[in-house]
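What TrEMBL lists as domain 'Nucleolar protein 10-like N-terminal' is 14-370. Per TrEMBL, the feature domain 'Nucleolar protein 10-like second' maps to 375-422. Taken from TrEMBL, the feature region 'Disordered' applies to 446-469, 486-559. Per TrEMBL, the feature compositional bias 'Basic residues' maps to 446-455, 549-559. Per TrEMBL, domain 'NUC153' is recorded for 472-499. The feature compositional bias 'Polar residues' is assigned by TrEMBL to 496-518, 526-535.
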Amino acid sequence: MPIPFVVHTSNGHKIYHVNNNTSQHKPEWLKNSSAKKHKREQVRRGGVEILQDFEFPTFCSKVKQSLDGNYIVAIGGYPPQVKVYDVHQVSLKFERHLDYDMIDFQILEEDWKKLVFLCTDRRLEFHSQYGSHYRTRIPKNGRDLMIDRHTADLHIVTSGPEVYRFNLDRGQFMSPWETSLSEGIQVCGMNPVYSMMAYGGEDGCLEIWDPRCRERAAKLDVATFIPSSDEYADIGVSSLRFDEMDGISMAVGMASGYCLLFDIRSSQPLVVKNQGYGLPVEGIKFHSKTRNILSHDRKSIKVWQREKGDNFATMESSLDVHHTCLIGDSGLLFVAKADRPIHSYYVPALGTAPKWCSFLDNLTEELEEQPQNVVYENYQFVTRNELESIGLQQLIGSDLLRPYMHGFFIDLKLYRKAKDAADPQAYEEYRKQKLQEKLEKLRSTRIAKRPKYPKVNKEKWEQQSNSSILQDSRFKAMFENPDFEIQQDDERYRQTHSSRSNKMIRKPNTSYSEQNYYPLNDANESHSVSPNEMQQTKEEERLPLLARLNRKQRQPRLS
C-alpha cells in the first residue's frame with residue numbers, strides 16, 4: 001500500500017505533505033477520459049485528495065478562506081479562472097473564467113457570493129452569485145487590494161503614491177489619499193481591531209493612516225532596522241500583516257528577506273527574523289492558537305515563535321511558493337505554488353485538523369503507531385576499538401563524533417578517508433574478494449560434469465565413490481569384467497543378504513478374478529491354482545531350508 005503522506009521532521013515537529021503526488025501536465029487529448037481510472041492512478045501514486053479537483057491547469061496564484069469558514073476560493077491560470085470549493089461537500093462548487101490574469105482578490109461577504117478581482121489590465125471586476133456584475137478602471141497598475149468593512153471602502157494601491165478608494169455602498173470612487181511614498185506603494189494592510197490602515201513603500205518606509213480623520217497618523221522607516229552590508233540591496237516592504245487577536249502586533253516583511261515584528265505602541269522592533277534565502281518575504285500569517293507567526297518567500301515556509309524568533313517548523317519547496325492560507329486555528333495549511341495542484345500541509349503541533357477533514361488525524365495517528373526505523377545515510381557507526389584501529393581516538397569528545405549506545409556515529413566520508421590511510425591495502429583485498437565472488441558465481445552457472453558410471457556393479461561403485469578402492473588397481477576388474485558382476489537374483493546372495501532381498505519383494509496383488517487362475521499340469525492330474533497359493537509357494541521357495549522345515553512342523557496334522 002503506498003504511503004499517503006510524505007513526512008518531514010523539523011525541530012522535533014512532524015510535517016505531513018498530504019498531496020505529495022505532484023501531477024504532471026498532459027495535453028487534453030492525452031488525459032484519461034475515465035474519472036475512476038484517474039482516481040486509481042492517484043491512489044497508486046500515493047496521496048490523499050482533500051478537496052475534489054483541487055488544482056488548476058497550470059498554476060495557482062492565491063488561495064483564501066471565506067469568513068464563515070465554509071468555502072475555499074482560489075485563483076490561477078492558464079487560462080485565468082477562479083474556483084470555489086465547498087468544504088462540507090469536499091468538492092468543487094463552481095469555476096469561472098476571466099479575460100485577464102488576476103493580481104489579487106477579496107471576498108466581500110461572509111460567503112462566496114460577492115467577490116472583487118484586481119486584474120492586470122487596470123480593471124476592478126466585481127462578481128456576484130450569477131456571474132460578472134460590474135467592471136471599472138483604475139488610473140494606474142494595481143499592486144494590492146484591501147477592504148475596510150467599517151466604511152465599505154475598497155483600497156487599491158498602485159505604482160504611484162496615491163491610494164485609490166472605491167466605496168461599495170455608493171458605487172463610486174472617493175478622493176484618493178496622497179502618501180509620501182513617492183517611489184510607489186507595494187502592499188497594504190488593515191488593523192481590524194482599531195481600524196487603522198498601513199501602507200508599505202518601495203523605499204522601505206511604512207505609513208499608518210486613520211480613516212476617521214483621513215490623515216496620516218505615523219511614519220516609520222523600517223529599512224533602518226535591517227542589517228545589510230550591500231548598499232544596493234532591495235529595502236522595499238514586500239508584505240504586511242496585523243494580528244487580528246490583540247490588534248497591537250504588526251509583522252512587516254522586507255524585500256531583502258527579513259521579517260520584523262513590531263508593537264504599534266513602540267517604534268523599535270521586538271524581533272528581527274531572517275528568512276534565510278535573501279528573497280522577498282511575500283506573505284505573513286498569525287496563528288491564533290499557538291501565537292506563532294508564519295512567513296514565506298518563494299523557496300521556504302517558516303513557522304517561528306514571536307518571543308525570540310526561534311524556528312518552530314520549516315517547509316522547503318523546490319517550486320516557487322505564491323501564497324499560503326491557514327485554515328482557522330487548525331494545523332492545516334494550503335499552499336499555492338507554481339504547480340498544478342494546490343499543495344496541502346498538515347502540522348499536528350499547530351492544531352488538530354478541521355472538522356470537515358478530520359480523517360487526517362486518524363491517518364496520522366496510524367502512522368505514529370507504526371514503528372519507523374531511523375536511518376543515518378551519511379554516517380557510519382563505529383566502536384571505540386574501531387576508532388583506535390583507524391587512528392581517530394583523539395576525536396572523542398569533539399563535534400565530529402556523535403555518541404550513540406556503545407559507540408559513535410562518524411561522518412561517512414571522514415571514516416573512509418581515515419580507513420584508507422590506516423590500511424592502504426584494504427581496497428586491494430576488497431577488490432580481490434569481490435572478484436573471487438564473481439568467479440564463483442560464474443562457475444555455479446556452468447553445466448556440472450556428470451560422473452562416468454561403470455558398466456558392471458554400478459550400485460557397488462556408487463557406495464564406494466569416496467573410498468580408496470576405486471583407485472586401487474587390484475579392484476579395477478571388478479567394475480569392468482562382466483564375470484565379476486554380482487547376481488542379486490542368486491539363491492546364495494539372497495540367503496546372505498536376506499534383509500535386503502525381503503525389501504525388494506513386491507507385495508502380491510490381492511485382487512481376485514477368474515482370469516487370474518493359472519493351470520498347472522501334473523503327471524497324474526491337472527488343476528488350477530489361485531494367485532494367493534502361487535505367491536505362497538514362491539515365498540516358501542525363497543526361504544532357507546531350515547526355515548521351511550520349521551514352518552512345516554508348526555502346521556497342525558490332520559487326523
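Even glycines carry a Cβ here, placed using N, Cα and C.
Computed from a predicted structure; not experimentally measured.
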Its residues classified by DSSP, the domain 'NUC153' (472-499) shows 18 helix, 0 strand, 10 coil
The domain 'Nucleolar protein 10-like second' (375-422), counted residue by residue under DSSP: helix, strand, coil: 21 helix, 14 strand, 13 coil
Stretch-averaged pLDDT - the domain 'Nucleolar protein 10-like N-terminal' (14-370): 86
